[in-house]
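Residues annotated as domain 'tRNA(Ile)-lysidine/2-thiocytidine synthase N-terminal' in TrEMBL: 19-196. Positions annotated as ATP binding site by TrEMBL: Ser23, Gly24, Gly25, Gly26, Asp27, Ser28.
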Amino acid sequence: MPELTQALRLAVTGGAPLGVAVSGGGDSVALLLLLDDLRRAGGPPLAAVTVDHGLRPEAAEEAATVARLCAQLGVPHDTMRWTEGPTGGNLMDQARRARRRLIAGWARARGISRVALAHTADDQAETFLMRLARGSGVDGLAGMAASREAEGIQWLRPLLGIRRAALRDYLIARGQGWTEDPTNDDPAHDRTRARQALPVLAGLGLTVDRLTATAERQALARDALEELANRTARAVGRIEAGEVLLSPALADAPRETQLRLLARAIGWVTGGHYRPRLSALADALDAPRRATLAGAVVSRGKTGLRVGRELRACGPAVAPGQVWDNRWIVSGPDARAEIRALGPEGLAHLPRWREAGLPRATLVVSPSVWLEGRLLAAPLARPEAEWRAIPARDPLSFFAGLFAH
């Protein structure tokens, strides 16, 4: 099927090593075979990964089946296991986040900077319907991007323009089997219900092609809105002590721009990869004094909005030189120390903290250095030469929209 090969050649360029996520389902097996053909024709080196979530008894054997196929092809393969398991709540969302985290870690360990995912045009249409049902705005309805940076990895979706049925036809023509995940037919999941609704909607003219074309137009609208948000951010925003400050002039911007910049600020402060829901953003924007959302605190005062980190959402302690809470890198002379949030208990050791000129709420979530229960340093609250805190992210990325979701 030359159209499949052409789609891959257009989406996967350059010679940098490429990873591919393979579950054993039809879409990902087809992607594996297509990328392997590309590799043999002079394309990039290829390695495959499977994530065993441990949620079904068959999962281990399915991963082993993928491993055997990769061995036949001569493609290196690893299986990553979700050992922590779910903690309650939205199981599918937790599994998705764990899968992305495990694959990103695998890729970094192998020196791979880009990973191909097997999402198809059908997946795009299903995603559009799911987000429409949730009341998503332009960003959500823009659907999945063909290329996206997250967790230090470029995620490619080279099959977004290809129908699922075409991939099944390709596998049948090659005599290659695949595994059907029974959870794909479970009506308890939103995606299953969206998939089952597509044939009915097609009778109304809402075909997969029509839905994906609409998502593409929404993406164009999103890009235009992002450019307006960039200009507004430069006019009303500034970064201070790892937090985002938005001046009262933000209120003069269109409502959509206000919500967009608030979402961007939350993402920049927390390092989160998923934008909060529109209704939650609106509630936080309209809060008279203070609101918490997605690990961030939004405070309103005379100088406008201040978006900072929520104390209870701060990450665990790390060693000096490591990234703490996705926000700071603290370095100093004693490798035995640990870096964690200053907290109220740490601030109590600093009676002159007001001299730092920063709000108390900012300082309690700032990095601090501890050794055997003793506070050694608080670089933001009490700057000193021995211990330095450097932002883990470029402040300019907020103004360029690199943390917009």
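Note that Cβ sites are derived from N, Cα and C of the backbone, with glycine treated the same way.
Applying an 8 A CB threshold to same-chain residues 6+ apart, the list for Ser23 (ATP binding site) reads Thr50, Val51, Glu62, Val66, Ala118, Thr179, Asp181. Close to the recorded ATP site, the chain also has Val22, Val29, Ala30, Ala118, Trp178, Thr179, Asp181: residues not among Ser23, Gly24, Gly25, Gly26, Asp27, Ser28 whose Cβ is within 8 Å of the site's Cβ mean position. A 10 Å cutoff on Cβ-Cβ distances gives Asp27 (ATP binding site) a total of 22 other Cβ atoms nearby, all chains included. Around the Cβ of Gly25 (ATP binding site), the same chain contributes Ala118, Trp178, Thr179, Glu180, Asp181, Asn184, each under 8 angstroms and 6 or more positions distant in sequence. In sequence order, Thr50, Glu62, Ala63, Thr65, Val66, Trp178, Thr179 constitute the residues six or more apart from Gly24 (ATP binding site) in its chain with CB-CB distances below 8 Å. Mapped onto three states, the DSSP output places Gly24 (ATP binding site) in coil.
Cβ neighbour count for Gly26 (ATP binding site) (all protein chains, 10 Å cutoff from its Cβ): 23.
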